[in-house]
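Student: One structure is given below, represented as structure tokens, and several questions about it will come after.
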2 protein chains.
Amino acid sequence: MTSAFQTAGNSLAGKLVRTQGVTAPAGFRGAGIAAGIKASGKSDLALVFNEGPDTAAAGVFTRNKVKAAPVLWSQQVLSAGKLRAVVLNSGGANACTGSGGFQDTHRTAEEVATALSNWGTETGAGEVAVCSTGLIGDRLPMDKLLPGVTEVVHELAGGISGGTDAAYAIMTTDTVPKQAAFHHVDKWNVGGMAKGAGMLAPSLATMLSVITTDAVATADQLDTALRNATRLSYDRLDVDGATSTNDTVLLLSSGASGVTPSQEDLNAAVLAVCDDLADQMMADAEGVTKRVRVIVSGAVSEDDALIGARTVARDSLVKTALFGSDPNWGRVLAAIGIAPIELDPDRIAVSFNGSPVCVDGVGAPGAREVDLSGEDIEVTIDLGLGDFTVSIRTTDLSHAYVEENSAYSS
Amino acid sequence: MTSAFQTAGNSLAGKLVRTQGVTAPAGFRGAGIAAGIKASGKSDLALVFNEGPDTAAAGVFTRNKVKAAPVLWSQQVLSAGKLRAVVLNSGGANACTGSGGFQDTHRTAEEVATALSNWGTETGAGEVAVCSTGLIGDRLPMDKLLPGVTEVVHELAGGISGGTDAAYAIMTTDTVPKQAAFHHVDKWNVGGMAKGAGMLAPSLATMLSVITTDAVATADQLDTALRNATRLSYDRLDVDGATSTNDTVLLLSSGASGVTPSQEDLNAAVLAVCDDLADQMMADAEGVTKRVRVIVSGAVSEDDALIGARTVARDSLVKTALFGSDPNWGRVLAAIGIAPIELDPDRIAVSFNGSPVCVDGVGAPGAREVDLSGEDIEVTIDLGLGDFTVSIRTTDLSHAYVEENSAYSS
């Protein structure tokens, strides 16, 4: 959790907690229900509602060229820089579903707008973002989803626990809900929730995340804060190199605190929340038995450091070695060696959990005896060429990962 | 096996067999012994010897920036375009071993040259290529390797089985030796052996391969034939996206047949042998339970088809689904969608073993019921944009892969 503040490069005055999420900032309500979209009967429909007074918003979406219907819809909606609500469903991605699937998304947004208007807040479908997660390729059961929308709007009447209910409703293979909130000493707040356990990779993970704030900020300021935060947090989480068709991160501001923080403080607070949520996603990734940080330092550019760290973080042989608690540093060298970056094999130094295992490209004494039996492993690779450092979060490659992802249409 | 000839694009007159390898062409001898480099006591030292009259040769090496000592040595030796012998050891990669490791390689080549000279063929160390495979990071036990060199030279006196002995001696986690030979009707031949079961990826696999021919050809002609063959065979085998520090493919010609084939025929015959060896490596890859072909067609360029096929072939979620015999075509769409190539999501068609599962980016009827329980799976992705097609060999991601690669310093 300290990393967020280090990365932000300043000392942000406030407190980060994990007991609250999107409803921690003033002006937001949340709800989550079981609408029957999931065959299991578990909670599967969430709503985040912005009571205002402001409705400025920003979004970041998957870079996958195959985009799910809700991504196409929400990108369109966000072009106006305003959001009144976000409706999210698990139990189906509504991806690769053609024009029929897009109509389903549009219909869902209209149903939310109607229900919110009936509930007392005049809302247009163009102010409602839609997020979906689950199996790719199937149409959503609209006969269950649409009645669910009316129900979830009624649930908004609940208190602060509505944010937690929403965090539960967006879970797929996640085993725990992920929430974080940052309370600034100047009495403005940022809250967030996220889901994502597999298909986690750069260009966002298979993740949905909604961040809220009661700070006063324009859509442009929110956009700056959100892009900065995703670049340094979610984009540096790489579990399996896969990038989803549905990745969506939204930032909504209500302005209800009446406080206008500096852009720098807003950036730092949004990053703090996203970074903590990224940490929670790493810890709950599919099949994870080791939480791994791959740090590349001494690179000639930030890009080189990032590409190098990502290449090692994705390497199946490194990841299986870490699963086996095996300090097989040769695989780290082989992995960094294929990264398309500037490097000198004779200057590379590698350490595991701070113990040097390779110096100047050659094994260090005792390298094979380093203890990696714990759950947290830090792999540091110093290229010895420049001043740039990047850290990537990843996991090991375990039997449980294979098991979870080989079950029929998981 | 027919694929080699299809890829070659001509009808090569001859016969491919798997019962012979590097000693199938006239003018070559081979040997393999247990020198004690492997703790298991298994065969670990191989020699391929070219009796001539010619000694033209070519080589292709790993593109990993971290190169093992034997790769650095053999690249240097090959600059003269001549090879009298290749010595290969398993039981240690001699990678990341610094200048001491390079001296070990040099010393090995000198020992081979001395032993061959004593045996009756005047040889310089600069005519001896060295290949090593095994764990990265440890020095080789020279006290065992050097006496082994004398012994393996004496073993050259044996007959045609020497090629098979050599193929056994280069095995690491391979479960079977890999050999192939092509006998042209015009009475010239190409033979080869290869090893490689893990760390298999583009830019060659963790593989060593020695190809021999008794055709008359210059070093330049051999180089052309070898680069064409590796580009279309070994470079299109991608088991785990990892590229070794030691990959080496060598082509030696003895000219002993006295026949000078056309460059086209030489290309085709070398490709036929390499392609068959690549097929054998796929079938024996670490933890393989499915042999998978990923074919991308309808691409606007060969590069696009290749990058697209490779991206899908490397996708952990596709590979685990295939392990589970799960026709989860949505993961194929999600994978191809992140490939940096030209594509239109609404024109993509996917089929599994010939059954359409996705048409125009949307699921086809019966897609979830396609039977993938067999050992061979063909995933075809038609981008519908152009005329280029590339096929990549890969495997599933199984429990056995994780098991084999998580054992201590495997």
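Quick reminder: no glycine exception, Cβ is built from N, Cα and C everywhere.
Annotations for this protein, taken from TrEMBL, read as follows:
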type	residues	note
ACT_SITE	A:Thr206	active site, nucleophile
BINDING	A:Thr172, A:Lys195, A:Thr206, A:Glu286, A:Asn405, A:Ser410	substrate binding site
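Can you tell me where each of these features sits in the structure?
Tutor: Reduced to three states, the DSSP call for A:Asn405 (substrate binding site) is helix.
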Student: Measure from each Cβ of the binding-site residues A:Thr172, A:Glu286, A:Asn405 to the Cβ atoms of chain B, and list in sequence order the residues where some distance is under 8 Å, or 'none'.
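Tutor: Near chain B, the qualifying binding-site residues are A:Asn405.
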Student: Report the member of A:Thr172, A:Asn405 (the binding-site residues) whose C-beta atom has the most other C-beta atoms within 10 angstroms.
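Tutor: Neighbour-count leader: A:Asn405.
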Student: Taking DSSP as the reference, which of helix, strand or coil describes A:Lys195 (substrate binding site)?
Tutor: strand
Student: Using a 10 Å cut-off, grab the number of neighbouring Cβ atoms around the Cβ of A:Lys195 (substrate binding site), all chains included.
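Tutor: There are 28 such Cβ atoms around A:Lys195 (substrate binding site).
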